[in-house]
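One structure is given below, encoded as structure tokens.
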Amino acid sequence: MVYHWRGDLGSWRLLLLLLLLAAWKVGSGQLHYSVPEEAKHGTFVGRIAQDLGLELAELVPRLFRVASKRHRDLLEVNLQNGILFVNSRIDREELCGRSAECSIHLEVIVDRPLQVFHVDVEVKDVNDNPPVFRVKEQKLFVSESRMPDSRFPLEGASDADVGANSVLTYRLSFHDYFMLDVNSKNDENKLVELVLRKSLDREDAPAHDLFLTATDGGKPELTGTVQLLVTVLDVNDNAPNFEQSEYEVRIFENADNGTTVIKLNASDRDEGANGAISYSFNSLVETMVIDHFSIDRNTGEIVIRGNLDFEQENFYKIRIDATDKGHPPMAGHCTVLVRILDKNDNVPEIALTSLSLPVREDAQFGTVIALISVNDLDSGANGQVTCSLMPHVPFKLVSTFKNYYSLVLDSALDRESVSAYELVVTARDGGSPSLWATASLSVEVADVNDNAPAFAQPEYTVFVKENNPPGCHIFTVSARDADAQENALVSYSLVERRVGERSLSSYVSVHTESGKVYALQPLDHEELELLQFQVSARDAGVPPLGSNVTLQVFVLDENDNAPALLEPRVGGTGGSASELVPRSVGAGHVVAKVRAVDADSGYNAWLSYELQPAASSPRIPFRVGLYTGEISTTRVLDEADSPRHRLLVLVKDHGEPALTATATVLVSLVESGQAPKASSRQSAGVVGPEAALVDVNVYLIIAICAVSSLLVLTLLLYTALRCSALPTEGGCRAGKPTLVCSSAVGSWSYSQQQSQRVCSGEGPPKTDLMAFSPCLPPDLGSVDVGEERDLNVDHGLKPRQPNPDWRYSASLRAGMHSSVHLEEAGILRAGPGGPDQQWPTVSSATPEPEAGEVSPPVGAGVNSNSWTFKYGPGNPKQSGPGELPDKFIIPGSPAIISIRQEPANSQIDKSDFITFGKKEETKKKKKKKKGNKTQEKKEKGNSTTDNSDQ
């Protein structure tokens, strides 16, 4: 049925007022819910959104939330359906205790507009707690003389629940002698009493067991039970009696446990159990009596159970009770006085006071270290104590008063030898037998800065590869100071000096605390081979002490320089040279020679040459020498060969990784008649300087031969004169010249310069003479020539041991087994003005054999036409013109030859040169001496060609 509302304007106003009133009640009213305690998670409480008149869709937009100051985690609202549910366990007893009412107040807040709703959720009690008695059993003692209807109060039970769940009812198990009476003043205060029905007879039933049960009013009911133990007591009317009220006993201290002190006896006129007596200490007796004595309950015998010490307690007063076994029991009393007699049972006591520790190792004699006092609790001779100190220590005891001593310093201290002393002081009394005690005293010796930091060795050798990153760690120095604490705290610093034009601190730095040495900038082997400096170690004592250590840093070479092509034959990388070759030349004809140098040393400067294949002309009738760089024909040229060839020669060193350079050689094949003209035009501006160089080399060879011959004659004459002359006092004798020979692969000849020095008879002078002979076997390192013998060497003599001045590097030893011929080995180092002759690189000229001996092997990049010499790490400068190096390599020989240089102010003989010839050239020169002029011209031409390559 549908009703239609029709009314006037007043009715509409009344309806609107009612709606506003209802909305106000909803907005400011209060909701009430109830939930049982111990409800599970998710238990439904109420549709709070619906009850508040809120739509589910507006709960989230209006920020519907529950705010509660306490217990906000117990209840939660599901914003999807607006249901209030249990979020966690609710324990009413924990929440409200035993309060009759228990509720959780919630504040529900929504925004837009802001509204606050109050919700009370009542927590209903659940009968989840049974009645509980405080004890599991209650004991009652009832005399057999008690009358019927006697009442004995019992302790009731308690229930943590409230309301009907906590209302308790009691019932007693059926019994003939007892019944239960409950007086209920209210539900919370009930008096439970046990009522005696009839008189008890102990002889019939000495004890009774009953069970009291409490039941609450919950659904279902919960119960609790307690056991009642009723003991019937006998009647007793006579107390035990001792013979005397006080006893006195004397006993020595330290008597053995179990020793009888006294045996007591008491009597009781009662009969049976009421006349049986037991002995015990009175309840008021002191604890120390119980600790030292015990009494037998049946016999009354008192014995010792603890050690008796006269010094602690010399008198004990013991109260004894004799109790019969009647009901109720009756007791008699007496007192036992125990006096303790003294014995020598205490060892002396040692006390150390006023310690003055630690003791400085420079303390004066007589310095007081500590005050020592001794004491003995015994009396008489047992308490007289003498004190002594252990022997062989730098201390002694001085008596200052009775039983007081001073420990003083008796001799000098040295902390570095002994840093601490464990002293033993002995105190002995005068008892018989005598007792003694010891005390230990640790005397620490304070350090004084009397030791400087010391390094493990005075000098260290460090090897660092060049091109190191700035700030890299290269070495760590460590100095040890025998002192302690601040005196042993070592700090490190550089001993500043100049390294060339720069300061040492621009190259390296040292960490003050750790001693780590860092390279501040990349080191260059070509610029600096050896960096020698000192590091200072200084302690923090007052005054500070220090020492220095020397570091020799050898910079090892890395392959950081690519081969450089030399002018004028071949330009730099990308350059080219043109050569005209007649077609009539045969196989093996040298067309051109590519020359290159490498600024590195060792294997990094050992160059090899390769001919790059051309894609346009796969059949190239040319090849390049692997180590000489000479481009020669591989066969006879014919008309089928292309008239122009573009040859790409790859120059590569043997470093890791290898660096390369490329030279371009343009070879034009011409007819035989055109070659001389073109060649003359081409070499007009190029061969001229080389021809001049060839002429100079020829003159040098002639000059060296002449000077060498003259020098040999002079030496022979000088030796003959020295042998015939009588020795004069204070004169100088000629030193033993050392004859050093090269191997059979190559030979050197140079002038021999004899140097005489004025001496005063201290010993034979040393000579600067070293001669090289090409005819000795290669394994003969050196031959000692006698002072009165001629310098001519008998080649038939037995080879002697090598001269220790010769040193073989690892690379040279490997090169001794190489099959590479010297004729194919060549390196030409360019000087500032073009190609110039330099000395061979000898990395092994360093003071230490481990200083990076990386010299190439025989034939490995060391060209007889190009020699490069570098001084050892101790002297990085290059040799000037006319100066002889200290050490160099003999081509074809693994030996490193040492030549003494004249002082800087001496005049160098311009006639002293070293000629680097080849094996074939030596043979040709011998033929030249025989008068073969044709062969002489040919040899000159070959020599000119070889020298021009230099």
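Glycine too: its Cβ is placed from the backbone N, Cα and C atoms.
Record check of ASN257, ASN932 in Swiss-Prot: the feature N-linked glycosylation site is attached to ASN257. The CA atom of ASN257 (N-linked glycosylation site) is located 74 Å away from the CA atom of ASN548 (N-linked glycosylation site).
Ranking the glycosylation sites ASN257, ASN265, ASN548 by C-beta neighbours within 10 Å puts ASN548 at the top. In three-state terms derived from DSSP, ASN265 (N-linked glycosylation site) belongs to neither a helical nor a strand segment and is classed as coil. For the domain 'Cadherin 4' (351-455), the DSSP counts in helix, strand and coil order read 4 helix, 54 strand, 47 coil.
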